[in-house]
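> Quick paste of what Swiss-Prot says about this protein:
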| type | residues | note |
| --- | --- | --- |
| BINDING | Gly40, Gly41, Arg62, Asn158 | substrate binding site |
| SITE | Lys8 | site 'Transition state stabilizer' |
| SITE | Lys217 | site 'Transition state stabilizer' |
Amino acid sequence: MNTIGVLKVSGHELDDPHFLAGLTGVIRTMTQPLVLVHGGGKEISAAVEQAGLPVEFVDGLRVTTPEVMAIMQMVVCGSINKRIVTALVNAGVRALGLSGLDIGLLRCEPYRPNGRDLGRVGVVTEVDGAALRHMLTLGWLPVIAPVALGSADGLSYNVNADMVAESIAGTLGTTELIFVSNVPGVLVDGQVVPRLTPAAVEDYIASGVISGGMIPKVRSALAALRRGATSVRIVNLAGLRDGGTRFVTEEAGS
């Protein structure tokens, strides 16, 4: 099988119908096997607020009570996932909408950063890579919502979509993980940095050049390299084919 592309698209980007149309247009011309992981973002928050529940985040992670989990699952596995699948199928792509619950595709354990209880927030511990590879050999494009099955309690968990993409890319091995963002890559003085090593990433984080929501993305990029992804990039839609910032190991960067 050719190098597998794992695309991660944020929910914020998917709020824009023009973005989804553009993404679909690019995907239909790509010849490599693809897996698409998506987030939920503002659409989840809006539904939570409409239900009269608080919207809380800790270090970028959504505090997920059982009530919030039910809403999150409805939105991200339902309306968002099916909106993406519909657009792709209408463009001639054999897209299959899934979450990590389906066939136990993603299993997880509770995530407790610094001992903080965030509720039903999980960290992926297992990916059914064989099932994903089988789908790809059939010519299908799995579209995966970031909900996983708790290994110990059998409950559904909210999992950060960047972490899901990183785990899938690492499990599949010969993959290129592509974070499709609203920026053309990692910017330094307004210019895209074409290549970054782990050491350079840590220096940029320490100096504040890389900050905010870009930090978890670059950390997921490095984690995917450690787990076996062949290549990791952060791009915008225009640079999806070969643009953006490519993350490389220290050896490759020297």
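The backbone N, Cα and C atoms fix where each Cβ goes, and this holds for glycine too.
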> Inside 8 A of the center formed by the CB atoms of Gly40, Gly41, Arg62, Asn158, which other residues of the chain have their CB, for the recorded substrate site?
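Along the chain, the qualifying residues are Gly11, Gly39, Ile44, Ser45, Met72, Val76, Pro146, Ala161.
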> Counting Cβ neighbours within 10 Å across all chains shown, tell me which of the binding-site residues Gly40, Gly41 comes out on top.
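When each Cβ's neighbours within 10 Å are tallied, Gly40 leads.
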> Inside 10 Å of the Cβ of Lys8 (site 'Transition state stabilizer'), count up the other Cβ atoms and send me the figure.
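Other Cβ atoms found within 10 Å: 28.
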> So of all those recorded positions, Lys8, Gly40, Arg62, Asn158, which one's Cα sits nearest to Lys217 (site 'Transition state stabilizer')?
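So, spelling it out, the nearest of the recorded positions is Lys8.
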> Under 8 Å between C-beta atoms and at least six apart in sequence, can you list the same-chain neighbours of Asn158 (substrate binding site), or say none if there are none?
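For Asn158 (substrate binding site), the qualifying residues are Arg62, Thr64, Val68, Met69, Met72, Arg120, Val121, Gly122, Pro146, Val147.
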> Suppose we draw a 10 Å sphere around the Cβ of Arg62 (substrate binding site). How many other Cβ atoms does it contain, all chains included?
22
> Tell me whether Lys217 (site 'Transition state stabilizer') sits in a helix, a strand or coil according to DSSP.
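Helix, per DSSP.
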> In DSSP terms, helix, strand or coil for Asn158 (substrate binding site)?
strand
